[in-house]
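Before any comments, here is the structure.
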Amino acid sequence: MFKKTIFKTIFKYAIPNVISMWIFTLYTMIDGVFISRFVGSTALAGVNLALPLINFIFSISIMIGVGSSTLIAIKFGENKYDEGNRIFTLATFLNLFLGIFISAIILLNIDRVINILGADKSQEVYKYVKEYLTIIVFFSVFYMSGYAFEIYIKIDGKPSYPAICVLVGGFTNLILDYVFVVIFNYGVTGAAIATGISQVISCTMLFLYIVLKAKYIKFKKLTKISFDKISKIFKTGFSEFLTEISSGILILIYNLVILKKIGVLGVSIFGTVSYITSFITMTMIGFSQGIQPVISYNLGKKNHKNLKDILKISIIFLGVLGIFCSFFISLFSEYIGKIFFREQDMILYVKRVLRIYSLSYVVIGINIFISAYFTAIKKVIYSALITFPRGILFNSILLLILPNIFGNKVIWMVSFLSEVLTIFICIYLLKKIKREGILS
């Protein structure tokens, strides 16, 4: 599977995954643009309040997908294809079961969930959160399964096909958003339906490839449910789960703080910032997760030189990319504001906030990659030691303390400060695994 030079292999597997992540992010970003321009800024705030829950659902899929794919790639590297495929089959059914179970729990407790997300029934924004979530959650199974299928097809040696499937879904979402939101005037409900249908199309295309064309990945009959393997899947993917769920928790904390300090319009501004940040973050996550099978495969082959080269090339690339993203977003911040808003004061607000917030993009990719790297070499605890402080601990502490001392403007600096603190943890842990001989 991974016979080419390591540099070419990295980008062969990373680039299609980055494209897939871009389109996944564009699903919600397109919804945001249509909702903001054709429904209103309060509706956009409602969708942003819903994002942490969507993030939670996606994080479950990432845990199962990344956890199982890491184990599968290692088994394939050891030429144990039957064992790897039993893990694949188990993980697929696990995703299906949890997708249905989680959806049912959320829909049965929708009002309580919305309250946790920060919306109150007395607020206008409440109805928008409920409209969006009620539809989106219904499609959770396709959302979760589709992402996992993408990773499995990459292990099968076809990293570009998932990007095609997600691209088809993205174009479908764009067209249906226009039809449902602009032409039929269905508002937030229309945007959610458009996203859901797009996910069904992408997931179906991916599933059909696995059933009809996959070379290595095959469904195997399971004689029993192995809870030991399920535990290993969860443990291996837990750090990636933390990475994604931390993003959702971070958005939730930001929403709650901004609602209290600035109000609903502040949440609309943060919604715009979140869309842009998600696009940047998903680029970094897409790169990192795209080459995880390559890292795990080389671990299975005990090729330590390749493991060291992958680490070096990736850190340099993501560092340069982070600087470019920060500069680009800062430079075009006003134009980004114009995409989402028509009001001049909102456009200028977005411009000011993005120029501060974009500083975090410089190091965000390096932190994300090093965490993913540790997962791929089965150093899950090390990965969690990066993910938890970066995503939850540092941000929560800084958000709850700094605005009370320095005022509301410092809210937009918190992400950058958190990323800087995290990079020191990464440096320490990299030195530690070097002493352990993994990078020798």
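Positions of Cβ are set from backbone N, Cα and C atoms, glycine also.
Remember, TrEMBL labels are computer predictions, not curated facts.
If you check TrEMBL, you get these features:
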type	residues	note
TRANSMEM	12-30	transmembrane segment
TRANSMEM	50-74	transmembrane segment
TRANSMEM	86-108	transmembrane segment
TRANSMEM	128-149	transmembrane segment
TRANSMEM	161-184	transmembrane segment
TRANSMEM	190-212	transmembrane segment
TRANSMEM	233-256	transmembrane segment
TRANSMEM	262-288	transmembrane segment
TRANSMEM	309-333	transmembrane segment
TRANSMEM	353-374	transmembrane segment
TRANSMEM	381-405	transmembrane segment
TRANSMEM	411-430	transmembrane segment
Check the transmembrane segment (50-74) against each of 12-30, 161-184, 233-256, 262-288, 353-374 and return whichever range has the most CB pairs under 8 Å.
233-256
Give the nonlocal contacts of the transmembrane segment (411-430) in its own chain as ranges (CB under 8 Å, at least six residues past its ends).
250, 254, 257-258, 261, 273, 277, 311, 353, 356-357, 359-360, 362-364, 366-367, 370-371, 374, 382, 385-386, 389-390, 394-395, 398-399, 402-403, 439
Taking pairs 6 or more apart in sequence, does the count of Cβ pairs under 8 Å between the transmembrane segment (262-288) and the transmembrane segment (190-212) hit 3 or more?
no
Cβ contacts under 8 Å made by the transmembrane segment (86-108) with residues that lie 6+ beyond its boundaries
53, 57, 60-61, 64-65, 67-68, 71-72, 75, 133-134, 137-138, 140-145, 148, 152, 217-222, 225-226, 229-230, 233
Using Cβ atoms and a strict cutoff of less than 8 Å, what residues sit near the transmembrane segment (353-374) while being 6 or more residues removed from its termini?
239-240, 243, 269-270, 273, 276-277, 280-281, 283-285, 287-289, 292, 295, 310-311, 314-315, 318-319, 321-323, 325-326, 329-330, 333, 336-337, 380, 382-383, 386-387, 390, 409, 412-413, 415-416, 418-420, 422-423, 426, 429-430, 433
Which sequence positions outside the transmembrane segment (161-184), separated from its termini by at least 6 residues, show Cβ-Cβ distances below 8 Å to it?
16-17, 19-20, 23-24, 26-27, 30-31, 34-35, 38-39, 146, 149-150, 153-154, 190-191, 193-195, 197-199, 201-202, 205-206, 209
